[in-house]
Amino acid sequence: MASAKATMGQEKQDHFVLKSGHAMPAVGLGTWRAGSDTAHSVQTAITEAGYRHVDTAAEYGVEKEVGKGLKAAMEARIDRKDLFVTSKLWCTNLVPERVRPALENTLKDLQLDYIDLYHIHWPFRLKDGAHKPPEAGEVLEFDMEGVWKEMENLVKDGLVKDIGICNYTVTKLDRLLRSAKITPAVCQMEMHPGWKNDKIFEACKKHGIHVTAYSPLGSSEKNLAHDPVVEKVWPTS
């Protein structure tokens, strides 16, 4: 099933206000490795569990199923304006001329007219058909400034409400900020008791960029329920 995604803040609250003024729900439903029952899982998470933030990506290979789940939820009288949908631009599309077509494919699969947040998935460009992990020669030159300009145009054209970044380093964030007209609204990165990511967290805080943590409770490969840090905060016995 999908994983939880949590946003970092000082107090417990149900949403956070981004630099743009848009509200983002504090907890989202992640769809990485969501499985074959994604559509039903998304629908029930929204209509029964009360989720309003759904996070997906083209690279996950489930956007069509996520779209079916979103459609079913809206047919069950959940208003689109009450949902917050996040997706991501994959590394093979990190060239300016591919940004808009990639988003248009995502919108088609999700059956939406716009998405609330669109991220650069990773700050490096890959050759089409690259291996996982990429092999020598499959990592290509990344025109970060040109790609970000096209992301900004998506906001101007109303196809995306906010744009953000994922998995950035402080060095790459500094480079982006030197040319960006629209500051990233959100930086999504791995954060949990086993991986705090302090440097980029503090850099984002300095620039007013909201931080979202993926795998805040760990992953299927590592159960953090009995981690010493977690035990101090929330004892299990």
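Glycine residues also receive a Cβ, built from the backbone N, Cα and C atoms like all the rest.
Taken straight from TrEMBL:
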ACT_SITE  Tyr60  active site, proton donor
BINDING   His121  substrate binding site
DOMAIN    27-219  domain 'NADP-dependent oxidoreductase'
SITE      Lys88  site 'Lowers pKa of active site Tyr'
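Neighbour density for His121 (substrate binding site): within 10 A of its CB lie 21 other CB atoms from the protein chains shown. If you take every residue in the domain 'NADP-dependent oxidoreductase' (27-219) and average the pLDDT, you get 94.
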